[in-house]
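What TrEMBL records for this protein:
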| type | residues | note |
| --- | --- | --- |
| TRANSMEM | A:27-45 | transmembrane segment |
| TRANSMEM | A:51-70 | transmembrane segment |
| TRANSMEM | A:77-95 | transmembrane segment |
| TRANSMEM | A:101-123 | transmembrane segment |
| TRANSMEM | A:130-149 | transmembrane segment |
| TRANSMEM | A:179-200 | transmembrane segment |
| TRANSMEM | A:230-250 | transmembrane segment |
| TRANSMEM | A:270-295 | transmembrane segment |
| TRANSMEM | A:307-334 | transmembrane segment |
Amino acid sequence: MLYRENGQFKTTYRADQQIFPITQDRLFIGALLLVAFAAVPWLATDYFFNAILIPFLIFSLAAVGVNILVGYCGQISLGSGAFMAVGAYGAYNFMVRVPGMPLLVALILGGLCATLFGILFGLPSLRVKGLYLAVTTLAAQFFSDWMFLRISWLTNDSASGSVSVSNLQVFGLPLDSSLGKYFFCLSLLVVIALLAKNLVRGAIGREWMAIRDMDVAAAVIGIRPVYAKLSAFAVSSFIIGVAGALWAFVYLGTWEPAAFSVDQSFRLLFMVIIGGMGSIMGSFFGAGFIVILPIALSLSLPVLARLLGVSISTAGISHAELMVFGGLIVWFLIVEPHGLARLWSIGKQKLRLWPFPH
Amino acid sequence: MKLRIQLIAGALALAAAAVSAPSAMAQAKEQFFPLLSYRTGPYAPNGTPWANGKQDYLKMINARDGGINGVKLTYEECETGYATDRGVECYERLKSHPGVALFDPQSTGITFALTEKAPVDKIPLITLGYGLSISQDGMAFKWNFPLQGSYWTGADIIIQAIAKREGGFDKLKGKKIALVYHDSPFGKEPIPLLQERARMNGFELQLLPVTAPGVEQKATWLQVRQSRPDYVMLWGWGVMNSTALKEAQATGYPRDKMYGVWWAGAEPDVKDVGEGAKGYHALALNTSGQQPKVMQDILKYVYAKGQGTGPKDDVGSVLYTRGVIIQMLSNEAVRTAQARFGKGKVMSGEQVRWGLENLNLTQAKLDALGFNGVMRPISTSCADHMGSTAARIETWDGKKWNITSDYIEADEQIIKPMVKAGAAKYLADKKMTPRTPADCQSEG
């Protein structure tokens, strides 16, 4: 009843082509943004900002990037951690070497470095597909691990190989409070997610999806695979690179190559698979699942154990956390192999008939 | 109507008071120690005894003394898995707990990330034997305390030990010393000092990185086999150490030519190799064993009551003892701060920082605390956040670690200028100014 589109007629192309054609969706998204921008800053504590919300936002951004490549264009990549690293170190080098470099420009330039890197390591995708491509993108990961450990110029000749940034500013405002960092990440995420959503709805997104569904057929109808695949690599690695720079600059502050290890690549891929391939919304669900769930489990398990009258050691908690987390992944993927985004749309479908299902 | 509102308001106020009162009371008398630890992941065998030692010492002090001057000690562990991002999350989670004293990040990577955050939150970091070497300079790093030694002092002591064995620094000329290191900030930290030493003493330094976590070392040891360095310095942690010793055995590299840092000199590193590691040397910041009084007290007040954190046999092992030492130094910092700011009160992060800066643990005090023979006396100041730069060499005889040298002091004449220069560069990069002498007097 609540979610009925009866009577919502679209009389113009404009109305038909908007991102959320159903009023309820628009209201929901509007309310969500209002909560994110206006209510959360009032309610959240410092811990919530620094440890949960900011990582969630940054990983959502990265997951959007990975989803474009893996979900929309069907190019499985295990090099996402490398793209993050290139974005982070690229932005860092621009910050350190160019005096007076504004943060936003450095982030974009870092993203562009990641774009070039992504295109370079996207070249094998013209020849190999699927799992074979996943393995070749692993090369990007290992190459970046090697590069940032060995080429000391890239880390500004830091003796220990770890680099840091400080005194971050956006438009003259210092970016030191957790609230400021939250707003900064949130605004970037909203802008980039909107751009990405429009990109995948447009001609270029349709090309990516055509390549994903069947590249031979796509080529036959006149889509250039070279252009489509490399543009997917470029756009995706730009977004991942910006997310990497945010992760390094805003969340960690000081980082080393291990912050962007192959684990990070896997995490990003899991986010997309669990959240839902080929869905911008799914990227947020996936990031939420991977970032927030382990923390939520590690916070709630001791309380739960205490309620049951048993005490549980730290090691026990972290093992239990891994087991529950792994179990949930398996369960989710069996129940809904298309990810959480699909569950979301099933929910919406059900709501259309509610409360009188037939 | 009005009466009802008043009643409801009164009930609410009562409920609020009932909820807040016990917690306010609890806040008043509890000093909280956030314990970052890793009991899972590739470094767990080494992280676990370390974490157990800290926890058991806290339990023992509560059971034996009822806390510090009546202030009860509480703690909460947070699992980092040695990952920097999880460590930052733990820090954020625990930093606003009432009565928080200080953080021991238990990882060089996490220390680097927290070094930026601690001054903002005004919580001191103690990084005993690890962390940022230049943070020894208290005038630049107000909140970092690399007590007992840094990687630079450790590297210097190993070179001195090798020189002594060779019969003088002039004998090092033309020798080849290889550094087999964990390819992370932890492993790279000693390199600048070793390069300086190589220039001064004329030995050739060979750098052999090992990718984390360090189970794959075949290529590294192939290089060792090819170039046959006169000595190998092992800068490893966790599974990397035992793997390196096994590889050395397989390569036929003499184990008594290998010198490990103090993070490569505990039982988990050599136990699996057993006889194969016989003769291997490592730096020792502390002794091991259950004889010291503090260990006896832990056994008596904690383990005898069945409240021990780990297995009883682990009590007194090298890393366990180090955990105990770290917690003892933290407690003594609180005690020192209480002596100035009020006995029996909960100290703030700033006050604990002052305590850390004014530690003076003489031999007599250490004996009284039950640490006779375990460690060197330590005394810190505003400018010197390390307090002691000495370590001994220990040698594995196939079954246990034996201390085989006297205390060796790191050469201040080499380290001091490097620390000064490094700290000055750090401050310049961050556009900060060093502390003024007046700042040393303040409690903030």
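Cβ atoms are placed via backbone N, Cα and C, with glycine included.
Within the chain, the transmembrane segment (A:230-250) has long-range Cβ neighbours (under 8 A, six or more residues past its boundaries) at 54-55, 58-59, 61-62, 64-66, 68-69, 72-73, 75, 77, 80, 83-92, 103, 106-108, 110-115, 117-119, 121-123, 125-126, 165, 168, 175, 181, 184-185, 188, 192, 196, 199, 204, 207-208, 211, 259-260, 268. Under 8 Å from some Cβ of the transmembrane segment (A:130-149) lie the Cβ atoms of residues 75-79, 81-83, 85-86, 89, 117, 121, 124, 155, 161, 257, 260-262, 265, all in the same chain and six or more residues away from its ends.
Here the transmembrane segment (A:270-295) has Cβ contacts under 8 Å with residues 51-52, 55-56, 59-60, 62-64, 66-67, 70-72, 193, 196-197, 200, 209, 212, 321, 325, 328-329, 332-333, 338-342, 344 of the same chain, all six or more residues outside its ends. When each of A:27-45, A:77-95, A:101-123, A:179-200, A:307-334 is checked for Cβ pairs under 8 Å to the transmembrane segment (A:51-70), A:179-200 comes out on top. The transmembrane segment (A:77-95) is in contact with the transmembrane segment (A:101-123), judged by 3+ CB-CB distances under 8 Å for residue pairs 6 or more apart in sequence.
For the transmembrane segment (A:101-123), same-chain residues at least 6 beyond its ends with a Cβ under 8 Å from one of its own Cβ atoms are 75, 79, 82-84, 86-92, 94-95, 136-137, 139-140, 143-144, 168-170, 175, 188, 229-230, 232-242, 244-246, 249. For the transmembrane segment (A:179-200), the list of distant contacts is 19, 33, 36-37, 40-41, 44, 49-50, 53-54, 57-58, 60-61, 64-65, 68, 72, 107, 170, 173, 208-209, 235, 239, 242, 246, 250, 280, 283: same-chain residues at least six beyond its ends, Cβ to Cβ under 8 Å.
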